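> Before anything else, here's the structure in question.
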Amino acid sequence: MDNGSCCLIEGEPISQVMPPLLILVFVLGALGNGIALCGFCFHMKTWKSSTIYLFNLAVADFLLMICLPLRTDYYLRRRHWIFGDIACRLVLFKLAMNRAGSIVFLTVVAVDRYFKVVHPHHMVNAISNRTAAATACVLWTLVILGTVYLLMESHLCVQGTLSSCESFIMESANGWHDVMFQLEFFLPLTIILFCSVNVVWSLRRRQQLTRQARMRRATRFIMVVASVFITCYLPSVLARLYFLWTVPTSACDPSVHTALHVTLSFTYLNSMLDPLVYYFSSPSLPKFYTKLTICSLKPKRPGRTKTRRSEEMPISNLCSKSSIDGANRSQRPSDGQWDLQVC
């Protein structure tokens, strides 16, 4: 990057706001997605196409966790990058790949639910797990091809003793990067809103024929997908559009820089909020989280007698009983069956 084409702003607001926010996202995101991946890998009884898409969404979110400690250090040093050019390229590439991957698989999850609810007999609902996995591989390939340009050139801006590492050049439009940034939002937004409206409308038309609990669960799920998407990605898109509209007068405006950095950090929130999508994806998953919490908090008393344990059978055997209950409910339609034997 031409050092003469960038301006370094050592803004106190950015240095104060960003580190706590990124640390919060890292802790909650790693915890939520780590538990989700554990459930997918070790406690999933049967896999379906929707399960495969959700698993890939969790993988995309977990990959972000690798980058957040380095970005946190960057902001703690008041936007001074000390890890070199190669690390800068890799981190920016992974951040962009996470954003694109999360958007793609959130959209696919919404489309999958749309076909299951609105067109239950469509051939898309009958695709095999192998086809769904191949689709996920194709989508990952497209995501990588769409973001690999960040590896092709340096993004370090050195002025004096300070070096910034940014994917956006704040002094001008960024060509392909801006095109991808806007397209990744508005095209999926259109698809997700279309799916959400049609799912809700279809469920309301059939509410007399469908069980109320299932209708509410499906409605909550699609609304959570739309809400997470808009909350995480709309602010940064609006901030970037404002910058492009006002450039060059806003090129080195500290308030514009602060707004863009803070709203860009909202895109990291998707890794913290996507566990809500997993939670509402299947009636079995909330029970998985509940049993996991109960089993982890249940006190262990090795000195109890056999009689005492017999008296406390409903509590101590909670997890093993849940597997029997889950078997009795296996005929219910769901997006994935979760093995609740987590104790």
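Here the Cβ of each residue, glycine as well, is placed from N, Cα and C on the backbone.
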> With the disulphide bonds as Swiss-Prot has them, who is the partner of CYS165, out of CYS88, CYS232, CYS252?
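Out of the candidates CYS88, CYS232, CYS252, the one Swiss-Prot links to CYS165 is CYS88.
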> Sequence gap of 6 or more, C-beta under 8 Å: which same-chain residues meet both conditions with respect to CYS165 (disulfide bond)?
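Sequence-distant Cβ neighbours: TYR74, TRP81, CYS88, VAL91, LEU92, HIS155, LEU156, CYS157.
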> How about the transmembrane segment (91-111) with the transmembrane segment (22-42) - do they touch, taking at least 3 C-beta pairs under 8 Å (6 or more apart in sequence) as contact?
no
> Between the transmembrane segment (50-70) and the transmembrane segment (260-280), are there at least three Cβ pairs closer than 8 Å, leaving out pairs fewer than 6 positions apart?
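Yes, the transmembrane segment (50-70) and the transmembrane segment (260-280) are in contact.
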> Please spell out the DSSP helix, strand and coil residue counts for the topological domain 'Cytoplasmic' (112-131).
14 helix, 0 strand, 6 coil
> Let me check the 10 A CB neighbour count of CYS88 (disulfide bond). How many other CB atoms are there?
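The Cβ of CYS88 (disulfide bond) has 23 Cβ neighbours within 10 Å.
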> Do any residues of this chain, six or more beyond the ends of the topological domain 'Cytoplasmic' (112-131), have a C-beta under 8 angstroms from a C-beta of it, and if so which?
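Result: 47-50, 52-53, 194-195, 198-199, 202-203, 218, 221-222, 225.
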